[in-house]
Each structure stands twice: as C-alpha cells, then as structure tokens.
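Take this structure, written in structure tokens, and hold onto it; I'll ask about it next.
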Amino acid sequence: MDMQVQRPITSGSRQAPDPYDQYLESRGLYRKHTARDASSLFRVIAEQMYDTQMLHYEIRLECVRFMTLKRRIFEKEIPGDFDSYMQDMSKPKTYGTMTELRAMSCLYRRNVILYEPYNMGTSVVFNRRYAENFRVFFNNENHFDSVYDVEYIERAAICQSIAFKLLYQKLFKLPDVSFAVEIMLHPHTFNWDRFNVEFDDKGYMVRIHCTDGRVFKLDLPGDTNCILENYKLCNFHSTNGNQSINARKGGRLEIKNQEERKASGSSGHEPNDLLPMCPNRLESCVRQLLDDGISPFPYKVAKSMDPYMYRNIEFDCWNDMRKEAKLYNVYINDYNFKVGAKCKVELPNETEMYTCHVQNISKDKNYCHVFVERIGKEIVVPYESLHPLPPDEYRPWSLPFRYHRQMPRLPLPKYAGKANKSSKWKKNKLFEMDQYFEHSKCDLMPYMPVDNCYQGVHIQDDEQRDHNDPEQNDQNPTTEQRDREEPQAQKQHQRTKASRVQPQNSSSSQNQEVSGSAAPPPTQYMNYVPMIPSRPGHLPPPWPASPMAIAEEFPFPISGTPHPPPTEGCVYMPFGGYGPPPPGAVALSGPHPFMPLPSPPLNVTGIGEPRRSLHPNGEDLPVDMVTLRYFYNMGVDLHWRMSHHTPPDELGMFGYHQQNNTDQQAGRTVVIGATEDNLTAVESTPPPSPEVANATEQSPLEKSAYAKRNLNSVKVRGKRPEQLQDIKDSLGPAAFLPTPTPSPSSNGSQFSFYTTPSPHHHLITPPRLLQPPPPPPIFYHKAGPPQLGGAAQGQTPYAWGMPAPVVSPYEVINNYNMDPSAQPQQQQPATLQPAPLSVQSQPAAVYAATRHH
C-alpha cells in the first residue's frame, strides 16, 4: 500500500483565487462553484438533496408543480400573470429567484443559510421544526453556489480519488498510477539523490522508498496493460505474452497492416521491426513516458486521483461543454434556429435527412425557406422538420486573422549545405553586380527628382550624348576592355532610350543645336536647388551650409551656360535625406569635407556611364592617363580634407589662414581674395525677415565680400550687450552677429548667445564629419536681400527652437570700408552709401524694443 504525506486540501479546478472564496476558506467554509447558467439555483438544490447536479431539471419541474398547487401563497409575490410566469419558469433558460428558493425550502422542509460576499451567512427560518438547512451563496448577478464545510470537502476528495483510481487501476489496468500522479502534480517534492528501491528476482523495480516517508509500489507487466495503442512499441509489455487485451489489439493491428501491404502491392517480406517508443524492458511505459516529458494521462485526471485535491468535476465538465459549443457554434438542446443556420431537414417520403441552410423563417415559426444541398434548390418546409447538425458533421468556419498570431507557426525548413552557415570573408572574392542583379532591374540614379524638376536639362544632355556616341566609337580604337563591356553598354543604352521621358516643353530642346564634331556640354551636377524663382541664365548661388558653399577652398566653376530653371520652384532631394535650409546666407565655420560634385573631363574615352574597378589586376581601369590623373587627384584631396588638413597646393586658395575671431585675438591679417559670388562661411549674412521681401535693392552688405573688424582689445562684453553706437546706420546692426536674439516665449526678457567654435585645424574623427550640416539659425531682424513673401509682419518663417550656428562672433564698426578692392590694413570711408529705408525696415526698430525694456 502506498504511503503519502499529509497536505492541506486544495481546489484543483479553480484557475485563480477568488477573494470571496478566500474569505470563506479562512473561516472553515468552501464555496463550490456551479454552472453559470439559468439553472444554477436548481443545480444547488439538486446537489444538496441528491448529491448530483444532473437532476436540476426535475427539481425545476417539482418547484413549478408545488408553486402551482400552492397558488394562493405564491401568487401575491409574483407580479403579472401567474400562469405565464409558471410557464416561463418551466423552461431551462429562465433564472430562478428568491421566490423559487422559498418554495423549494417549503417543499423539501429545510431552512436556508444565505451567504453573500464578505458575509458569514444569514439564517432564513421558514419553520423552526426543520432540522436541516440549505447553504446557498448568492451574489448580485442572480447566481447561486453551494457552500460546504472544509471537512466535508476533505472527505469528498478522498472519495473522488478512490473512485478514479478504481477506474484507472482496476478497469484500465494502467501501471504505476499513484507514482505518476505524484510526479505530475508534485515534482518538486522528489529528491532523487536519496531514495531506496527494491527489485524482484527478474530485475523489475517493485518499490520505491523516499526519504520523507513516502512509499510507492510499482506494477509488473503481467498485471497491467500498456498505455500505448500498439503494445509492440513498448518493450515492457511486448516481452510478456500473457496479455489478452494487448494480444487482441496487436492482432487487429497486424491484420490491418497486412491488408495495407496487400493493397499497396508489396511482397510482405519487409522487416517487421518497429522502433520502440518505450525501449526499457525493466521499466513501465508510464514511467518511461514521464522520463521523456510526456504526460501519460491528462492533468485533470491526475488531480482527481490526488486525495488532497478536490476537483469540481461538474463545473469543469460544464465549462468544457460551453467552450466546445462556443468553438463549434452548435445548437445544444436548442431548436431556436436563426436565418443562415446550417442544420438538417427531414423531408417526407425520405429515409434520411439532408443538410440545408435556413433562408427565411416565418413570424409564427410555422414554416421556413431552406436551401437543400443535395437537390440544389430552395424549398418550403415546416419548422418542426429542422434538426441540429450532429457534432461529427459540423465543420467550423475559418478563424479570423487576428487569431492567427496565437496559433503555432509552421517551422521553416533549414537549407542544407553551406548556405546555412555563416560565410567568411575572403579577399580573393570580389563583388560582381552581374551575379546578383539583372541589368533590366537595376537602375543607378545619381539623385531622386521631385516633381520632374529640371527635366529638360538631363533629357537634352542624353540626346546630345546619343548623337555623339557613334562618332566617339569611330574615333576610338577598340580595346579588350571595350570589347568586354560593349554588349552590356548597348543594353544599358537601349534601356535608357526606351525609358526616356519626353520633355513637357519641346521648345526648350530645340534651342540648342549641337554639331557632330563638337563635344557635348558637361552635365550640370547639383545636389540642391532652392525653391525660389530665378531669372533666366542665372543659377541661384548656393548657401554656405550646402556642399557647394566652400567656393574659396574648392573653386570648381560650372562650365558652360546653365540651363534656365522653370518658373516655379522645385527641389532635387539627395539620397541622404537632408532637406535644404531656407534661402539666404548662413554662416559655417571652418572647412569641412562636404564638396560639390565636379564635372568630369570632356576628353574621356569610353562608352556609357563609368563603372567601378573591381578586378585585382586593374584590367578594367581606363587606358587614358587624363582620367586616371583626374580621379587620383580627387582621391588625394578627399584624403586631406577627411583628415581636416589643408592640401599644400591649395593654401593660396583660402580666403583666410586663421580663425576669424576678435574676441580671442587682438589682431590678424585679412587676405582679400574672394569675389562677389564667393562669400566665406564666416562672414556671411544671416537670413533676413520676410518683411523685406518687397524691397527693390539689396543691402550694401550683400555686395561686399569682406568686413574688417574692430581691433579694440580693451572692450569688455558684459552680461547684456552694450548700447550700439550710431544706431541709425543700417550696416552695423545688420552684420552684428553676436547680438543675442530675443526669445519669443520670454517677451524679450531673455536672450540667446552663440558659443565660439573650435579652430579649423582641430582634428575631428571621421564619423563626426559624415554628419549633416547644422540647421540655419533664427535671426530676428529686417535688413537684408529680398526674401519670400507670405509671412505676417513681425514674424519669421522659420521654426523657433533650432540650434545656433557654429560661427565666430564679430562686429562691424560704423564707417568701416566693406569694399573688397580696399587694402586689408587700411580703414577708408565707405564709398557706397546705403539706400534710404523706411522706418519699419530699419534695424533700429528691431533692436530698440528689446533693448530698452
């Protein structure tokens, strides 16, 4: 006999602890949940009267009969018609109330102890001579449960375990049932390092002694049956031939296998050895399945066989039936069909019922229109001839897509071979685009056009290049490299011509006529084009923050006459995703590695677009020295700029040699070598306010390239800026960059100062160089060139909160000569007088309001 440890009684069917249950259990009571349907009251009375809930409908009918006989007592407590009420109460879908509880108390001669949430019970005495009571738990949802003492539940758990063990051990004859229950429900209580076992003469394990006092008796193969469907897969039972049930199972399986072999046409001489699922001959199949992590029977069955765990079998069965009915959407004991229901119809003079679909039902439910699948037409049948579908013929609908993510995923097959392994880099392996991409599906574009801007520029250039391709082919001798690339270049050439879009303005393509001997004009390589209209024949100057802004350092002028842009503004967006700042000159300190894309040399021999050199021996490089020298020099210059050093041969091209900062240097030498279109990044003018968009003449500051500084080293800047001298002059405040700008949220009481950047010769790491240029700052003044209109007076079209530019703070003193032709060491009066401005457009109107609060 098995010896087990003492444990407190627990509930095996409750999924989560209920606070009401915990309150009752702390006081020695146990709440047994009943099915949450309309018959909960009658289930409680049937269980407490007859120890089963299966008689709940009979209890309902007895209650209705008793209330009908005692009509004079219960009629006054029922609102409305008493007969209609009794007729509805006889139906299973009508909820019972306190009136029915009183009637059944009088019927069965018992008083009631009514429990409510957080209440120890209220005794309702109908007659003092009644010796027993109904213990009912009631909540506000019109639901009733049974309440028992904990001692009663302990005895019920023992009886339940005995009943299930008799079923599985004596009827099914499964081996080692008690041991399997302990392993499944209490695996943490086993200490396999300390235990004793006993063996018989044949080597079978017959008993296990645990250190905590538990003793488990193990079964022998002759007294049990195999848990597997085919006992031949279990060496524990297949070696014993005295099993009648297993022999019958094996005989049926053997006959079935022989029939399958005959049907398939095999000779029947195949080896009959099957891979055993339980290979150990001295260990039972149940223990071997447990060792493999397989449950020999459901956990609910194991809970029912545990004497210290009570399982609410009635509630579990009802819950399973409810889930099954909800899953398969079947009518269970209900003939209340709806339109669209799939059911069976009983036709006259037919021996079997046919599957049909309800199309229409009359209001009185006397007849209905159904579509019969067998005959393929719609007929009218009586409503009583409809019957629910049997469970084996019902096929549920497909689950919605939102439930698919909860279903198990199908495992993807693993690719065999070396493709599944992590590939290692080899230097002798080079990337060939032809091996991975098709030419017809791979188009390499230098930029991404938005709204087809400047379309005529590239279309005309392609057309001119197409006309000149045959002549270039005649002039250039054939080489091995051109012979290899000629077929691919022709395919690319044909595809480019086929996918070419016709220009919208055909007259623009006829303005230029190119002769056969003349070289085609270079393509205009541009990264950004401001969204402002420009006059014909003039390309808008780039802002200093753009990659084309360092004109002093990289003087690559665009050769040829630029093509006129369209009248409306347009943009070429680069692949980097950095949008252009608003038009206007924005300061940027020091040289940076961003540079414009220069035009290639015109005397390059070859066909089609240039390609990358991939061969290790360099056989795919151009044969002409001009192209090699051009790109080699470009790489050397890029290397110097990436390391943030100045190339030795370009020192004379700079407009300055030191950082232009008067706050840190007492004196400097200014080298004037810039023109009108090439402004340095340090001495550029901040963007103007939109209020001056209607001005007709630019400020003199825009026409001057350099501004000399005040070399007064005695001046000390305080916390707040000093009062400006000669405030009526428009040149001084317009170029006064370190002047703090008032914040719009502080009403002019707070100002933003700009910090001094690091010198240009400071070494910066390459990752920092690849960052995009900083956004433009916010300047709140009214002097400057014409700007876009459309903004309100006193507002700025740019968003507040943008970071300040990295500039060198400096001042331009009044009467300082801004003319580029002047000498850098001399101060001369200004030769160009500014145009008279209105009072509202003068800088004094901007700074006076915030400085004199």
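The backbone N, Cα and C atoms fix where each Cβ goes, and this holds for glycine too.
Note that the structure is a prediction, hence the values are computed from the model and not measured.
The annotation region 'Disordered' is assigned in Swiss-Prot to 1-20, 460-531, 681-704, 732-794, 817-853. Residues or ranges marked as active site in Swiss-Prot (evidence: experimental evidence): ASP37, HIS143. The annotation active site, nucleophile is assigned in Swiss-Prot to SER40 on the grounds of experimental evidence. Summarising the annotation, Swiss-Prot assigns region 'LC domain' to 396-853. For 460-470, the entry in Swiss-Prot reads compositional bias 'Basic and acidic residues'. Per Swiss-Prot, the feature compositional bias 'Low complexity' maps to 499-517, 783-794, 820-838.
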ASP37 (active site) to HIS143 (active site): how many Å between their Cα atoms?
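Roughly 8 Å, rounded to the nearest whole number.
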Taking 10 A as the limit, how many CB atoms besides its own sit near the CB of ASP37 (active site)?
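ASP37 (active site): 14 neighbouring Cβ atoms within 10 Å.
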Might you list, by sequence position, any residue in that chain lying six or more from the residue listed as 'active site, nucleophile' with a Cβ less than 8 Å away from its Cβ?
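Those within reach of the residue listed as 'active site, nucleophile', by Cβ under 8 Å and sequence separation of 6 or more, are THR34, TYR95, GLY96, HIS143, PHE144, ASP145.
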Going by DSSP, is HIS143 (active site) sitting in a helix, a strand, or coil?
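The residue in question, HIS143 (active site), is coil (DSSP, three-state).
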Starting from the Cβ of HIS143 (active site), draw a 10 Å sphere and report how many other Cβ atoms land inside it.
18
